[in-house]
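Features reported for this protein in TrEMBL:
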type     : residues : note
TRANSMEM : 16-35    : transmembrane segment
TRANSMEM : 55-76    : transmembrane segment
TRANSMEM : 82-108   : transmembrane segment
TRANSMEM : 115-135  : transmembrane segment
TRANSMEM : 155-175  : transmembrane segment
TRANSMEM : 182-203  : transmembrane segment
TRANSMEM : 223-240  : transmembrane segment
TRANSMEM : 252-272  : transmembrane segment
TRANSMEM : 278-294  : transmembrane segment
Amino acid sequence: MAVVQKWREGMSSDNVKGLVLALSSSLFIGASFIVKKKGLKKAGASGIRAGVGGYSYLLEPLWWAGMITMVVGEIANFAAYAFAPAILVTPLGALSIIISAVLAHIILRERLHTFGILGCILCVVGSTTIVLHAPQERQIESVTEVWDLATEPGFLFYTALVLTAVFILIYQFVPQYGQTHIMVYIGVCSLVGSISVMSVKALGIALKLTFSGTNQLVYPQTWAFTLVVITCVLTQMNYLNKALDTFNTAVVSPIYYVMFTSLTILASVIMFKDWDGQSPMCGFVTILSGTFLLHKTKDMADGPGLSTSLSMRSLKHEEDDGFGEGIPLKRQDT
């Protein structure tokens with residue numbers, strides 16, 4: 001109770017707004033995973049699957065419905081970054097994992113083990129811990145201040161490492177291992193995503209200040225951040241579609257969340273230096289534990305034991321009516 005009272009007294013109005021927007025974002029994004037997946041499956045039945053380079057899903061209305069739902073969630077997420085620090089907003093994406101896992105179990109019939117439910121509970125506990133100990137947002141008066149932070153040597157070095165890793169993954173690993181190793185597609189999405197979040201936060205701050213009466217659109221830095229956001233989001237969307245079409249949603253969501261959140265927090269600490277004590281870390285570790293359980297649950301559900309699961313991983317990929325998969329981590333239709 002003392003912690004809750006302290007949270008009520010110390011939580012700024014901007015943090016509360018960011019919290020509400022982040023929760024709304026998780027709801028829409030979690031649901032969008034399922035709707036997009038249904039659209040990808042329907043489009044793949046009559047055309048070339050996204051997982052092998054096809055774009056027939058662009059003609060599928062169901063996929064666009066999921067995309068619109070995701071856009072609404074991303075807009076809410078975008079607004080949340082303008083009010084609250086990334087270390088508060090990003091980890092709350094764990095709630096979208098719960099939503100997508102439950103809906104995948106009900107709608108897509110992707111089995112959710114009992115331990116998967118425990119994983120969902122751990123995600124909620126971890127998210128609550130982070131919210132209760134969220135740091136205050138850093139006061140920024142101009143987008144040029146964010147630009148100065150982004151051009152410091154530490155963040156420039158991080159950006160160079162990210163870009164190098166992304167190019168290596170895209171041109172060396174995607175052609176050979178994209179269809180068999182889930183970390184390839186998700187690695188690209190997560191690395192690019194950590195840069196996009198920093199740019200989204202900068203753009204959100206610029207728009208927030210503009211709507212408050214201090215025009216930030218006259219600064220070239222605002223448009224530079226906008227260009228980075230567009231480029232990163234398009235890249236993320238492309239490779240996330242490939243991951244969703246190739247692998248099981250119940251596995252893609254938690255692994256993507258863990259990698260994306262970890263890299264985003266790292267980028268935020270380097271750029272905004274908004275780390276505040278060890279309590280948020282405890283909450284994040286709890287969330288990691290929950291997502292790990294969700295990941296291992298899928299393997300347990302697909303076989304009577306670990307040895308069976310491992311043996312199934314070694315089976316050659318086979319397709320049945322265009323969708324059946326022989327690898328546990330891949331999408332399965334029942």
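Glycine too: its Cβ is placed from the backbone N, Cα and C atoms.
Simply put, out of 16-35, 55-76, 155-175, 182-203, 252-272, 16-35 has the most Cβ pairs sitting under 8 Å from the transmembrane segment (82-108).
Contact between the transmembrane segment (155-175) and the transmembrane segment (252-272) holds: at least three of their C-beta pairs are under 8 Å, each pair 6 or more apart in sequence.
Under 8 Å from some Cβ of the transmembrane segment (55-76) lie the Cβ atoms of residues 21-22, 24-29, 31-40, 42-44, 46-49, 96, 233, 241, 245, all in the same chain and six or more residues away from its ends.
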